[in-house]
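Novice: I'd like to ask you about the structure that follows.
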Amino acid sequence: MTDENLSSHLAELDLSPSPELAAEANGTEALYAEAEADPEAFWAKQARERLTWAKDFDQTLDWSEAPFAKWYVGGQLNAAYNCVDRHVEAGNGDRVALHFEGEGGDTRTVTYAQLKDDVCKAANALTELGVEKGDRVAIYLPMIPEAVATMLACARLGAPHSVIFGGFSAEALRTRINDAEAKVVVTADGQWRRGKAAPLKPAVDEALAGDATPVEKVLVVKRTESDVDWTEGRDVWWSDVVDRQSTEHTPEPMDSEHPLFILYTSGTTGKPKGIFHTTAGYLTQAAYTNSVVHDVHPETDVYWCTADIGWVTGHTYIVYGPLANGATQVLYEGTPDTPHQGRWWEIAQKYKVSILYTAPTAIRTFMKWGADIPAKYDLSSIRVLGSVGEPINPEAWLWYRKNIGNDTAPIVDTWWQTETGAIMISPLPGVTTLEPGSAQKPIPGISAEILDDDGKPLTDPEAVGYLVLTKPWPSMLRGIWGDPERYKETYWSRFGDKYYFAGDGAKYDDKGNIWLLGRVDDVMNVSGHRLSTAEIESALVSHPSVAEAAVVGATDETTGQAVVAFVILRGGAQDDGDATVQELRNHVAKEIGPIAKPRQIMVVPELPKTRSGKIMRRLLRDVAENREVGDVTTLADDSVMNLIQQGMGSGKED
Ligand code: WTA
């Protein structure tokens, strides 16, 4: 569709809520006014109504040591109890918690009663392995029910988990395990990827080799029956240790502010940040948003979030939100094109999925594969669609609604971050008249503004500025693990300590909708995954042939952005053309993980720098996106750009 056709098509659409949805959402709209009138009273009510407390809290918010927040002060609760036990106690033990679908077609149905048993067994096993309240547990697992059970077992013991995405390399694993000083690692022999067993445990072995490691035990799930090396005294099989445990385990109430988990995310420097979240505020907002934004009705809906549990979306919208709400969901281990490109729709049809939450990059991939693929399946059960991770372009939005959402399902475009813990900006189904491409407005309880460079609020349509959050919220990060200064500096200093600086550009349209415009810092968004330019640059310069490297995120039709690297080889290092490029791409995969592999690497004689020696990424981005190179007047040597452009077109992905 041309842009013109697209906008006239959009103008003709009626995107106001359907009467059925509006009737069902009865009362939700009133939340805006209620939250606005008294935000703390609003959040206190959400916490008390949605969670079960061992001890009620005395104070909703203590912001006296801003930006270090305390929510629900004096309260006590157990997150795992809230996610499983209480549903069983309420007589819903037979309700399905997880419809697990393995990549190879193996399935398991896990009810809430079974999940409770699994969580208790895992908690008993972790205790036997020496895990105590406050100890950290690293989790490096595929998308299997054991991953969910392990996270909840940690929560039950008050041992913060640090889940590391299964696509990260041994090196990335090592940094994260060491930073969190994890005592135990839970992993699997391998995971299924496109019909093949991909190893996991070998990366753990490598990450723990060498210098002293904080890890005492490695608990290994058998998933692919692959041969693995074994370190006696350290490694134990899940089947030997967990299976024989009792299904009884008394959950200990935790303080509201007890750390629940650490999750590493890319920042603007090479060192990933351990974002940490605590128990009560996080769980409150996870449950609340999953209920009002995804519109989950636990008795009737089948919900499916396609994220990996290694990312925050999997934490909040596979584990904590839906399980706290007692929802039934699909958990799928594999890739969308194995064994065929209709796999997701086959699964949606099989389980009668009613709510689907996924990322724009996936939608654009499905668009490329063609609408005839989902058309072969019965998707009539779908009634709400969600999008997360990056802005969704209106064309993808329309395709998604038409081909997956029966041309009627509302799409909730949800803006949030690892740091915010839960959804912050989004339309509400049944309430909001939708605007394709825009996340629209802060949900009830959340306040945002757009500021200009000087910190002045922008209100004019189309004026581009920085998104800030103007009030603390329950699921806000409580800090960066071990680095309170970096927390203050990164998030609470750009516009003073009253504004949370999100790092995203934004603008309003003439209807007052917020449009998110991507990162304003050196963080890239590749397929909805956050990657830092600095992290990839330092991976590249750790290769013996590389003297210097600069990385930019170039616009990519499918993945949103793609990694493009420019490298200067060391004197003496030979440029073997494709072989060099291939070797460097693999090196990045080894240092960080395959997701960070540059799409393109260009070997260049020089990098464009200002007179003060700063790399001008803006110019490199122009080159990477095949644009006319912008203003070069501040370049120390403007012939550099000619040299770089002459070398263009080489080093493309194979
Ligand atoms: C981007 C993922 C536009 C944004 C939950 C943010 C979005 C970063 C959207 C956080 C959206 C996420 N529209 N941009 N709906 N959702 N982003 O920490 O740049 O992996 O800052 O959390 O993704 O990525 P993270």
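Positions of Cβ are set from backbone N, Cα and C atoms, glycine also.
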Novice: Quick check on the annotation: TrEMBL has GLY389, GLU390, PRO391, ASP413, THR414, TRP415, TRP416, GLN417, THR418, ASP504, ARG530 binding ATP, so which of ARG364, ARG401, ARG486, ARG519 does it put in that site too?
Specialist: ARG519
Novice: Measuring Cα to Cα across GLY389, GLU390, PRO391, ASP413, THR414, TRP415, TRP416, GLN417, THR418, ASP504, ARG519, ARG530, which the record gives as the ATP binders, how far apart are the two most distant ones in Å?
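Specialist: Value for the max Cα separation, rounded to a whole number: 18 Å.
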Novice: In the structure shown, which of the binding-site residues LYS196, ARG519, HIS543 has the fewest other Cβ atoms within 10 Å?
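Specialist: Candidates: the binding-site residues LYS196, ARG519, HIS543. Fewest Cβ atoms within 10 Å: LYS196.
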Novice: What subset of the recorded positions GLY389, VAL546, LYS614 lies within 10 angstroms of SER527 (CoA binding site) at the C-alpha level?
Specialist: GLY389
Novice: Checking proximity to ligand 1 here: which binding-site residues out of LYS196, PRO391, HIS543 have their Cβ closer than 6 Å to it?
Specialist: PRO391
Novice: Around the Cβ of VAL546 (Mg(2+) binding site), how many other Cβ atoms lie within 10 Å? Please give the count over every shown protein chain.
Specialist: 22
Novice: Which one of these binding-site residues, THR414, THR418, has the sparsest Cβ neighbourhood, judged by other Cβ atoms within 10 angstroms?
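Specialist: Among the binding-site residues THR414, THR418, the sparsest Cβ neighbourhood within 10 Å belongs to THR418.
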Novice: Find, for the listed binding-site residues GLY195, GLY389, PRO391, the residue with the lowest Cβ contact count at a 10 Å cut-off, counting only other Cβ atoms.
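Specialist: With the binding-site residues GLY195, GLY389, PRO391, fewest surrounding Cβ atoms within 10 Å: GLY195.
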Novice: Measure from the Cβ of SER527 (CoA binding site) and count the other Cβ atoms within 10 Å, all protein chains considered.
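Specialist: I get 20 for this one.
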Novice: Determine the most Cβ-crowded residue among the binding-site residues ARG193, ARG194, using a 10 Å radius around each Cβ and all protein chains in the structure.
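Specialist: Max Cβ neighbours within 10 Å, all protein chains included: ARG193.
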